[in-house]
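The annotation Zn(2+) binding site is assigned in TrEMBL to C43, H103, C106.
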Amino acid sequence: MGTDRGILERLLAGNRRHVESLPDGYFADVQTGQHPSVVAVCCSDSRVAHEGMWGVDRPGTVFTPSNIGNQVWDDDGGNRIIDGGVLYPIHHTGTDAVAVVGHTGCGAVTAAYQVATGADPPGPRGVDKWVDMLIPVVEAALESDRIDREAADDTVINQLVEYNVGYQVRSLGDADAVPDRVDTYGFVYDFQGVYGDRPGRTYLVTVDGETAPDALAELVPNGYESAVESLLYGDGADD
């Protein structure tokens, strides 16, 4: 056991600031239950602001499961099933929308790409399990005509990130456990200026499996057309 308590002190001090900043009645509407409007499946990466990216500052708004590689599934004795973190709000809190959020420079996608092209798994096994589940996604992407395999590695990785988001969204659409009433959105959170010049923006790359930028631009509210961009299917609206 370590002896440096600096991190512990920062955590406790941060929580004190959090408590002191809360207005009266902050939790009043969620005392007896939760009814989040969306479940956002994000990558468990410290650079990804799971609620901050949506400007959320109230509890009970977004259900936020996360894992390595923003995957919507888990392994159950060798069978691929939709993860309970996704299904719980859909079946038990009245949530009718899922947002799958990848991010530029994803380490999980990078690891899966490296393993798929001959590298050793990163380890330990708890990490490798999630990387292993991404490898078929990466292999399918590399066999498609959407990935520029001659491009620099960082370009390939970001194309694979977007492909993975679309793959996860399609998996939700194909799953019997996900009711037809549920809308599925796919985003890429860009903090590296890959999709545009506004770091921290989420770019819409698919809705219910639709990936054509022109079609997506028709689906977004007026004024948000520039949030539609794609590295795989051509440019969206000009930013």
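Cβ coordinates come from backbone N, Cα and C, glycine included.
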Which of C43, C106, all binding-site residues, has a Cβ with the fewest other Cβ atoms inside 10 Å = C43
Non-site residues, in chain order, whose CB comes within 8 A of the mean position of the CB atoms of C43, H103, C106 at Zn(2+) = C42, D45, V48, G69, N70, V101, G102, T104, G105, G107, A108, V109, V161, Y189
Near the Cβ of H103 (Zn(2+) binding site), how many other Cβ atoms are there if near means within 10 Å?
-> 26
